[in-house]
Structure formats: structure tokens, C-alpha cells
């Protein structure tokens, strides 16, 4: 027997090629192919329980025409039907009156409770719930007919008009033959993951009932109940709340209370496992014990609480009801364990010593070999196209910028061509062989400082720079291979967030400083001209037959102006423009002759436009404008669109803006040298041994730079599935140091900001999410193809000069500023710096401030600021040769902080070092589990201790 409307639904689903038997699997598209665990990250309930869609159908129209109308729905948050406006409200946290919960408990205690009901359709279910002694056969028949009526759903697609409203007629508003195909194509259904189930709550006033009628049913197997719910899902729960007319919104609030109860994951967990009425009431009592009561007069009950940015962890809630249901219990957890709930305290397998020579390298190779085929197949996704375009432009800009700086620092021994070629060769080789192919190799500020010092040393002592540099690179490769052989990479366990944030902040400030500095240099090259200033003038000189530039050499003057010109010999540019001066045989002289005063202003305009536009588009993903698909595209291609906008404005203005300069010929920058560097040149042989001393300092710098970046990229919160490769990465860097030294190319190491930008452009997020729930972070699209494509395009860029020459340099400087600001603003260190400037009453409610006194937080931040300032000063002075030692000194400073801060304070301010982690259980630092209001961990996600604090949002 088919229920009313079931045939229409089957026909509609057949049009979509959706088998009715697959309705219990959610959307026909099935699970997201990007990650089979798409729904696993949702906070809808314990992992073994499917998410539940709940709908409240209210009986309206008594005593005239009775009809069921959908008035509310729940997935994670509540959506109310705005009847007058004809639309759904924004998702919000549901609020209930305490009497409604108490009345609901009384009704359930006296009503009908059916657990594991064997009903297979709506008709059988209705027959079960109406078998009560208080109903006569006539009333039972009327009630069954009423319960079998098709409810009026409010289905509204994006961009369509409301299904009903105050200006529409009742007949049009309540079309009982709504097409079921619209139900199959419901946008809400697309937001529900596979395996989702439904629950229906029916409530209302019924005049022929003398006393309330309550029934709660849990079906043994999820069953499709026809058009009872707007989303065609198999139903698991059914709740009926009917009774005689009463004042107020009694039954409406009772229905909301039942739906809110079922939407609670803990109550739902208990009800799914309840065996009798006592278990059901016990779960309800446990819910009541957790309810927070707001005093009347201090809060507007009609106000809607927006969904929080992040939901509290389920294990933070008291396990009372789990202990009472079937004797189950939840293990006791301390705050120290919760502090590390997203990552184990024990070191990862990549950071455990094997005790064998090159043992860590061998393990990295074995671990990565099994993932190698998927490193290419996982790149077959449109998101990778956006990542390639963005990182390519950022890499090319970085290579050209550092190539120019390197050319200035080495007097042309290396230049832009070597920078582009070296970036392409080293980057592509690293992507093919490395353990973490998401890393972007590039010239970095610290390495550039070392190159400048090394060249100055060779110049002062009349040494051949490139041969001496070759031996430095050889020794660096030897030292790095020794570090790989002895498994020195396990020492990165001592690189805590204190060290990571100091290094990341330094690199970010270098990006910001270089971007602003380039704009100031551009303003100096194209100065702002003010009328009346000396630099504003331009004079035209005319040479005479004897070299006297004051003589007029053209035919005899015929006008008063000509006579004045003959007497002066100099014509002001306002009377004779430079191009006319040349046509007349003169020479324009003066600083203002070839200066366009608008370039500086419009360069600043393009600089700020690209910077602000990239930020605005990146934040578009979380805005309220446009559909989610459009927002995601705009956010993914934010930097590309910002660059295109800058190019469009430049073409529209038509000014001679400085453009991106790419070498047109494939030959070394230094004339007369080949691609292979001679081993000695004019240097004595013993310099090959003496080069070991500067190589030792450079090895420390390379190790710190490479491994700090690797630690940041491989943090637990990024959910990388394929593991890290600390030993293999350092091995590849050592080989590339040898290769680039032999070819006379720049040295390359992991670029922190570019690597994090690469990872952020490959973020994977869940597709199915409840209304009001933000997309959950699923991880990073780990593959090798995007990096390989980026560096291949970088090498081809040498031949793409006709295309790249249209990109204005101020636009690229704006993108550089964007990358630096985004990197700097995303680390917790900057959040704590902001706290130093806020009065205590205006500070956000952070987890950090709940466990650590504010004065201690400020002291920790001040120490970090002092270390950062010292690093910057050393980098900018001739003492920069000891810069690698200062980076290593950050670890020593962090170790010394154990004498200033307690382990519990360091647990929240930073991370514990390996020795401290072993001592945490012994010291008993953390108190027992507390469930007071002050410990409700509801702060923003960015302040969660193990959240991705260093998360560059630059794509």
C-alpha cells in the first residue's frame, strides 16, 4: 500500500534517476569525493549516530479547516517560519521556556511511548499511536484521517518568491498538490550528509479531544513516511502532542521543546539506546540539569541568538546521563589532556630516533613511497588551478624581486635570470623528491643577508666570489647530510610555538618592509612634483655652431616669442614641451623633463587597491553576500582577481607605470662566465678548507629556516594524512645546495609565507553543513602537481616576457603586502600584542585569559617582542653574520622561560617541550573536570590552544 503522494514522489525522483531506495542516503550525488569522512567532522552527535533532521508540523485552523503546516525545522540550529514574510528565519540557537520542558516531561510520563516500533509506513504508525483507551472508535477514525493529511511545507529556493505571504491568496498559499520534484531537489537536502535521518514532531490544538494526547515513537528501522517532512529522508522518531484548546502558544512551545530535545546530540544518543520510559525520562532529566536559565527582565525572550563561531566540545558536557543509561560512563579527562585533545603528547613517528645511520631518511622514503601515486591523482581538482595561478605569480614576483636585490648585493654576479632559473630547477626537483611537496622553495631574507655579507667579504679581500661561494655550498651540503645521517631533525620537537611565532613574525615583517620599501623607492624614482618647486621645471637648450648652447640655430626668428627665445637660449618646458624641443633640435634639461607627476599617486592607488581588494575577496567566503558557490570562487581566486583588477586599472589609466621586467635572453647575468662555476678561479686552494667556517653558520641558518617552516606546515591541526618528511626534506635541500652552488644559482630553502599560502590555497572544507553551521575544515589537498606546475611555469616565464610585461609592479607589491599582513595577523602572538593595547573590560573572552593571569600573558608577549626586535636589529646591522646563531638562540630563550613561568602557564601560552610533557601527569598540574559556567570553553576557534594559529589566509 502506498501512501498519498508517494507515487508522485517516486515519479519525481525517477526524473532525477534517484532510486527511492536510496533516499536514506541523502543527496543523490553521494558523499563528497574529496574526503570520505566529510561528515565525520560534524558536531551533530557521536560518530556512530547519523545526523537528524527535525521538523515541527503544527495543526492550525481549528475549528474551521484543519491543516498541518510546517512551522520550524532543526538540523543543528533552529529555523522558524516567518509566516507574514513568507520565508525561513536565519538559523539561531533555540531558546525554550522552562515550563514547556516540564510540561513535556509530564505528558511523556503519562502518554504513549513506543520504542523499536515495527511500523513500515505512515498508516501503520498512525494506527499504533491512536490505539489509546481514551479515544472512541469514531474519534480514533477522525484522528487517523487528520494525521494522514499531507502537511503544507514551506519550500523556497534561492531567488524565488515565497510560497505564501500576506498578499497572496489562501488557495495559492496552500497548494495541496505541490510538485514532489521540488521536494527531491530541496536545497536543504543538499546540505545533509549521506545517512541522515528525519524526525517529525506534530503538535496543535484539537477541539474534540477532552484531554491531552502525547505519543513518542522510536522506529526500529528508519522508514520513509511519505511527505511528512519536507526533505525525503527515512524517519527514525515521531512525536505527537495534541490536546484541547488552551491559552497562549502552549502546544507550539511543547512541540518546539520536543524538537529541541531531539536536536541535542546527547539526548539523541540516549534516546537511541533507551529501552523503556524510565531511560527516556532519565535522559530528559539530564538535559534539564544542563539547562541554563536566564532571569526575566535581563534578556529579551524574542531575541535570537546567532550561531557561535565554534561549538563547545562534546566531552566538556557532564556525562551524567551517559552514566545512567545502561550503566555507561565516560572516561575522566583533565584540562591538560583536553589542551592536547587534537594531537597526542607523544612525538610523531617522523620525530623518533631509529638509532641507525640515515634511519630517519629511510623511514621517510618508505612512508612517502606508498603515497607517491596519489600525490598526482589527488591534484585533479579545479581548486588546484587557482592554487597554481596564485602561487605562480607570487613565486615569479618573489624570484624577480630577490633576483634584483641579489644582483645589487653581488654587483651582477647573480641576477634575475639566475633567480628564475634556480627557482624553477630547485623547486621542481624538490616537489618531485621531497617528503612535504607543499613546501615552496625560494630565496629568503636571512639567506639574502648571508649572501650580501659573503660577497662583501670576498670584495674586501680580493677573492673570486663565485668559486669561494661554491666551496661554501659544498660544505653546507656536507654538514646537512651529516645532520640527516645523525637524525638531527628530531630536535625540531624543541621548536615550540614561541620559536615558530618569532620566526614567522620576522619573515612576515620582512615581506611588509620590502613591499613598503619598494613603493617608497618607486616614489623616489617618480617624485611627486609640486608647482613652483625646482624639480618641477624643464629647460630646453639649443646648441650653437661653436658649442654655445645659448644660440638659436634654426632660421631667423619671425615673432616676439622667437626673439625672446634667442635672447634666453633656454625655453621653459611649459612653452616648449620636451618632445617639441627635440623636434626643434634642442635638448630637454632638468629633473622634470621625463617625469610624469601622476605615476607616484596612481602607483599608490594600484598598490592599495590590490591589497584591499585581495583582503575583501578573501573574506567574501564568510560574508552574507552572494550564494556560497560564488563566494567560494571569489575567495579562492582572490589574489588572481586582485591582480587582474590592477592590470585593468592600469590599462584604463594609460600611464607609463613600472611593469614587471623579465629577462629576454637566456644567458648568465655576469658577462664572460659560463653556467658551471670553476672550483678555484683566482683563489688559493686552502680557501676550499677555510670555507667550512662560514658554511657552518649557513648550515645552522638553513637547518633552522627549513625545519621551522616544516614544523609549521606539519602541525597536527592541518590534518595532513600523508605525514611529514623532515629528514627527506633536509636531504633534498642539501643536494640542491650542491647543485645551485655548482651552477652559480641562488641558494634556496623553504619560504614560510609562500609555503603557508600554498597550503591555504589547497584547504578542503565540507560541502554538507547544517544551516548556520560554518563549513568544517577537512584538511589540505596534499599532492605534488601544483608545486611542480608552479615551478615549471616559473622556468617558462623567461619566454613569457610579452605577457608578463603588462603586470604593474605596484600591484605585485600590494600582493606582497597582503601576504605579509595576512601571515602576521594570523599568529596568536599578534593577538596577544593587541591585548596589551586593550583595557581589561574590552578584552575578548579567551581561553588563554581564563587560565593565565593577564600580567603573565603580557610578560610572555613582551619577551617575544624583545626577541623579535633583537632579531631585526641583528639582521639589519653588520653583525648579521651571527643571525643564524640568534635563531638557534630562540630555542634557548624558550628553555629559559621554564624558570620564569610555571608549566601550566606555558601549557596555555606556548607548548610544552618533550621533558615537560613527560612531567605533566606527575606534577598533577590540572584540576579535575569542572563544569561551572566559567569553564564553558566557548571562545573563538582562533584561540583554541591547538587550533591552526599560524594559518595564512592568502588565496
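Yeah, the Cβs are placed from backbone N, Cα and C, and that goes for glycine too.
Over in Swiss-Prot, the protein carries these features:
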{"type": "CARBOHYD", "residues": "548", "note": "N-linked glycosylation site"}
{"type": "CARBOHYD", "residues": "572", "note": "N-linked glycosylation site"}
{"type": "CARBOHYD", "residues": "951", "note": "N-linked glycosylation site"}
{"type": "REGION", "residues": "20-50", "note": "region 'Disordered'"}
{"type": "REGION", "residues": "154-190", "note": "region 'Disordered'"}
{"type": "REGION", "residues": "331-352", "note": "region 'Disordered'"}
{"type": "REGION", "residues": "387-955", "note": "region 'Membrane (anion exchange)'"}
{"type": "REGION", "residues": "918-955", "note": "region 'Disordered'"}
{"type": "TRANSMEM", "residues": "387-407", "note": "transmembrane segment"}
{"type": "TRANSMEM", "residues": "415-435", "note": "transmembrane segment"}
{"type": "TRANSMEM", "residues": "472-492", "note": "transmembrane segment"}
{"type": "TRANSMEM", "residues": "503-523", "note": "transmembrane segment"}
{"type": "TRANSMEM", "residues": "596-616", "note": "transmembrane segment"}
{"type": "TRANSMEM", "residues": "637-657", "note": "transmembrane segment"}
{"type": "TRANSMEM", "residues": "684-704", "note": "transmembrane segment"}
{"type": "TRANSMEM", "residues": "730-750", "note": "transmembrane segment"}
{"type": "TRANSMEM", "residues": "785-804", "note": "transmembrane segment"}
{"type": "TRANSMEM", "residues": "811-830", "note": "transmembrane segment"}
{"type": "TRANSMEM", "residues": "871-891", "note": "transmembrane segment"}
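The average pLDDT the prediction assigns to the region 'Membrane (anion exchange)' (387-955) is 77. Under the criterion of 3 or more C-beta pairs below 8 Å, with sequence separation of 6 or more, the transmembrane segment (503-523) and the transmembrane segment (596-616) qualify as touching. For the transmembrane segment (871-891), the list of distant contacts is 445-446, 449-450, 453, 494-495, 498-499, 502-503, 506, 509, 694, 697-698, 700-701, 704-705, 708: same-chain residues at least six beyond its ends, Cβ to Cβ under 8 Å. Between the transmembrane segment (596-616) and the stretches 387-407, 472-492, 785-804, 811-830, it is 811-830 that has the most C-beta pairs under 8 angstroms.
With a cut-off of 8 Å on Cβ pairs spaced 6 or more residues apart, the transmembrane segment (387-407) and the transmembrane segment (637-657) reach 3 or more such pairs and are scored as touching.
In this chain, the transmembrane segment (684-704) lies out of contact with the transmembrane segment (415-435); the count of Cβ pairs under 8 Å, excluding pairs fewer than 6 apart in sequence, is fewer than 3.
When Cβ-Cβ distances below 8 Å are used as the criterion, the transmembrane segment (785-804) is approached by residues 375-376, 379, 384, 387-388, 391-392, 395-396, 399, 417, 420-421, 423-428, 430-432, 437-440, 660, 662-664, 666, 758, 762 of the same chain, each at least six residues removed from its ends. When each of 472-492, 637-657, 684-704 is scored by its Cβ pairs under 8 Å to the transmembrane segment (730-750), the top-ranked stretch turns out to be 472-492. Sequence-distant contacts of the transmembrane segment (684-704) (same chain, at least 6 residues past either end, Cβ-Cβ under 8 Å): 446-447, 450, 454, 457, 463, 467-468, 471-476, 478-480, 483, 488, 503, 730, 733, 737, 747, 749, 881-885, 887-888. Under 8 Å from some Cβ of the transmembrane segment (472-492) lie the Cβ atoms of residues 347, 351-354, 357-361, 454, 688, 691-692, 694-696, 698-699, 702-703, 707-708, 710-711, 726-727, 730-731, 733-735, 737-738, 740-742, 747, all in the same chain and six or more residues away from its ends.
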